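Heads up, the thing below is written out as structure tokens.
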Amino acid sequence: MASAAPLRPEFYFRTCPEAELIVRKVMRKAMIREPRSVASVMRFQFHDCFVNGCDASVLLDDTSTMLGEKLALSNINSLRSYEVIDEIKEKLEKVCPGTVSCADIIVMAARDAVALTGGPDWKVKLGRQDSLTASQEDSNNIMPSPRANASLLIDLFARFNLSIKDLVALSGSHSIGQARCFSIVFRLYNQSGTGKPDPTIEPRYRQKLNELCPLGGDGNVTGDLDATTTTFDNVYFEDLVAGRGFLNSDQTLFTFTQTSEYVRLFSKDQHAFFKAFVEGMIKMGDLQSGRPGEIRTNCRVVNSRRPVDVHFES
């Protein structure tokens, strides 16, 4: 993807010096209000950046002429906590109207979700513009399903110049948060059409999942993605080594030769995981489409069809 603008840390140093502080304050309040919300907000970066770059298109509501990405297959009944982004935007508009893009809010909020739950902190590059449109079709064609295997994920990440190491490290975002039974019932009762459970699931863990997600049960019931679901750490990788991955797309990282070495490394070395995760998030945050954009004053609605000039600080 072409770079539409030179992104850099402290982009809002002159125009909105409180921007990052405001984002973190709202994220902290959201975490206290509902611990799961920060994990939900962190997912926005992946779901946004892989579909035509980091441009906040994932936040746009449908219009009479546009099917947005909220109801795409990987997002419907899955992505949540849009209201946290709305709250951040509202606070920023009061202090610095028309200045901070929704795309930058997503990247700052994702970083804060990690830092506030015990993970690494880092400087994010900023200066993105917001998309003038969204594409449900593009999201459906790009975003992987929970059934994806490591081979498919490797190919997908390679399309965006993200390495196998990046893939495994970024999958560690599942160190926090939950997922729905809908995403795993096939693993429990009909893996690969066999009518049997996935043999890679550790038996006692499978029994636990059977109780949580009975055949014919409520697919919207949620389960923890790892054993320390509100703490960002390397337990996610320890669980994969032990056969306790919740999603097929997680567990396959350990059963696939090309990815298993990184799963083992990160399960033993949290520092190595944190370092690789930060590198992957920064690389993913650099994805841009090069299309015209604007600074949306409401993250759910396009302000105009006329792109605005990008303001570069000296």
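Placed from the backbone N, Cα and C atoms, the Cβ positions cover glycine too.
What TrEMBL says about a protein is an automatic prediction, not a curated fact.
As recorded in TrEMBL:
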- 6-303: domain 'Plant heme peroxidase family profile' (DOMAIN)
- CYS16-CYS96: disulfide bond (DISULFID)
- ARG43: site 'Transition state stabilizer' (SITE)
- ASP48, VAL51, GLY53, ASP55, SER57, GLU69: Ca(2+) 1 binding site (BINDING)
- CYS49-CYS54: disulfide bond (DISULFID)
- CYS102-CYS299: disulfide bond (DISULFID)
- CYS181-CYS213: disulfide bond (DISULFID)
Round to the nearest Å and give the CA-to-CA distance linking CYS102 (disulfide bond) with ASP48 (Ca(2+) 1 binding site). 11
Within its own chain, what residues at least 6 apart in sequence put their Cβ under 8 Å from the Cβ of CYS96 (disulfide bond), listed in sequence order? TYR12, THR15, CYS16, GLU18, ALA19
What number of additional C-beta atoms lies within 10 angstroms of the C-beta atom of GLU69 (Ca(2+) 1 binding site)? 28
Proximal residue to CYS181 (disulfide bond) among recorded positions ARG43, GLY53, CYS54, SER57 (C-alpha distance): ARG43
Rounded to an integer, what is the Cα-Cα distance in Å between GLY53 (Ca(2+) 1 binding site) and CYS213 (disulfide bond)? 35
In sequence order, which same-chain residues at least six apart have a C-beta under 8 angstroms from CYS49 (disulfide bond)? MET284, GLY285, LEU287
When you measure from the Cβ of CYS54 (disulfide bond), which residues in the chain that are at least 6 apart have a Cβ under 8 Å away? GLN45, ASP48, ALA103, ILE106, VAL107, ARG128, MET284, GLY285, ASP286, LEU287, GLN288
Recorded positions compared (CYS16, VAL51, CYS213, CYS299) - the one with the fewest other Cβ atoms within 10 Å: CYS16
The answer, for which of the disulfide-bonded residues CYS102, CYS181 has its Cβ ringed by the most other Cβ atoms inside 10 Å, is CYS102
Measure from the Cβ of SER57 (Ca(2+) 1 binding site) and count the other Cβ atoms within 10 Å, all protein chains considered. 29
Cα of GLU69 (Ca(2+) 1 binding site) to Cα of ARG43 (site 'Transition state stabilizer'): how many Å, rounded? 14
Same-chain neighbours of the Ca(2+) 1 site, Cβ within 8 Å of the mean position of the Cβ atoms of ASP48, VAL51, GLY53, ASP55, SER57, GLU69 and not counting those residues, run in sequence order as HIS47, CYS49, PHE50, ASN52, CYS54, ALA56, VAL58, SER131, ALA134, SER139, SER289
Rounded Cα separation (Å) that holds between VAL51 (Ca(2+) 1 binding site) and ARG43 (site 'Transition state stabilizer'): 13
